[in-house]
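Working notes, beginning with the structure itself.
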Amino acid sequence: MWRWRYVSGRQLDGFRRYKYSAVDTNPLSVYIMQPIWNKIIKIVPLWIAPNLLTFSGFVMILVNYFLISFYDWDYTASGTSPGLVPTWVWLFSAFTTFCAYALDSIDGKHARRTQSSTPLGELFDHGLDSWATSIFVLSFFSVCSCDNGKTGVSVYTMYIYLSIVLFNFMCSHWEKYNTGVLFLPWGYDISQVVLIAAYLLTGAVGVEVWQKPFLFGYYITDALVILLIGFSLFLSFPQTLYNIHRAHLKKTLKNNSLYEGLLPLVSPLLLFILLTVWVVLSPGNILAKQPRLFLWMFGVAFSNVICKMIICQMSSTRPELFHWFLFPLALVVYAAISGLLGWMEEAVLAVFTVLVTAAHVHYGVCVVSGHLQSGHGRAALGWGEDGVWERFLCCLVGAVSGSLNVQLWLVFCVLFYSV
């Protein structure tokens, strides 16, 4: 089950030649946050693996998401029952968001500090980032949700917000696919600071602050909309196009063909289109009925699609034209909008969401274990070509629990070894 090969031998060879290159020009990051991270990194013990920092931050994001989901499953708590979510939950959200932000910012520094930077570490980091991006947004929606028909953010606006955020994330890695350089988006640091401030504000004065006019009759959510759209349309996306154009002028583009350059965008854009068709034409108004399930499924499917783009970008290989998720999704969307599902639409969404999530977790485990089983992965762990340590560890695991799969043990090694 866990031996599926998602990464080809050609891609593994590409990882061996990969060199990380990134540029950070955000004043908030360069002049304020980076000095803070440089101080925090000094207290991290050298024996801690960088990937453990990455994974710990992701787990904190998940814990916060499921905690908020427990109190506000259908995104109505802020609109109809302002006191339903306890104050401590919002304060805990601020704490976990800051910790996740800090851990994501120092894991790379710690890897370089311990001389343990590897392509697998970057893939692990960016792969989790592609999933965490949607989870951050889905957690925040509970702060300013709307169910009273007057103020707050509707589920349809949530869908648009999430689409814009994921579009920006996609553009960053599409930019790197073409230029070979990751230009760190300005919106990341700003969004994290805004999230932390929003949670603290909500914890201090309650969710009512999001339901009252803030300035000149406008609500705080209106200001956030302006910021989000403004950064996306007038800063992030134009900056991406400019960096690609500049690389073209310098003749440093990795893909000279327009077709090859645009190829990674096909599957993500088709995913957006299919889900939008489902939202707009759903006979059962599926997004309003099950907003948390639908948006979670959106984020997971997007993460899997982008992970494949990241692998192709890091290994300098050509991505597939159509991601396989699109085919079952297209069937589900057709069955839903044509009325074939009828009253079963919500049940089918739930089953499809579970399957997509399981498939994504399976994909992640197999990619990591497959990389570790390659010669490059063994060398990164210090196992050597004869595989003595690998055989010893696998035998040890087998002695402890005969049912534990070796692939899962290899993934465990990623977290506690510097790879």
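Any Cβ shown, glycine's included, is placed from N, Cα and C.
For the transmembrane segment (43-67), same-chain residues at least 6 beyond its ends with a Cβ under 8 Å from one of its own Cβ atoms are 89, 92-93, 96-97, 99-104, 106-108, 110-111, 113-114, 116-117, 121, 124-125, 128, 131-132, 135-136, 138-139, 414-419. As annotated by TrEMBL, transmembrane segment applies to 43-67 (among others).
According to TrEMBL, the feature transmembrane segment maps to 87-103 (among others). For the transmembrane segment (87-103), the list of distant contacts is 37, 40, 53-54, 56-58, 60-61, 63-64, 67-68, 71, 132, 136, 139, 143, 192, 195-196, 199-200, 202-203, 206: same-chain residues at least six beyond its ends, Cβ to Cβ under 8 Å.
Annotation source TrEMBL lists transmembrane segment at 153-171 (among others). The list of residues near the transmembrane segment (153-171) in space but at least 6 beyond its ends in sequence, with Cβ under 8 angstroms from a Cβ of it, reads 75, 129-130, 133-134, 137-138, 141, 144-146, 185, 187, 191, 221, 225, 228-229, 231-232, 236-237, 240, 265, 268, 272, 276, 279, 287-288, 291, 294-295, 298-299, 302, 306, 309.
Among the features that TrEMBL reports, transmembrane segment is placed at 183-204 (among others).
What TrEMBL records for 216-237 (among others) is transmembrane segment. Outside the transmembrane segment (216-237) by six or more residues, the chain places 144, 151-153, 157, 161, 164-165, 167-168, 171, 185-187, 190, 194, 209-210 with a CB less than 8 A from a CB of the stretch.
Residues or ranges marked as transmembrane segment in TrEMBL: 258-281 (among others).
Summarising the annotation, TrEMBL assigns transmembrane segment to 293-312 (among others).
Summarising the annotation, TrEMBL assigns transmembrane segment to 324-343 (among others). Long-range Cβ contacts of the transmembrane segment (324-343) within its own chain (Cβ-Cβ under 8 Å, at least 6 residues beyond either end) map to 267, 270-271, 274-275, 277-278, 281-284, 286, 301, 304-305, 349, 352, 356, 359.
Marked as transmembrane segment by TrEMBL: 349-372 (among others).
What TrEMBL records for 392-417 (among others) is transmembrane segment.
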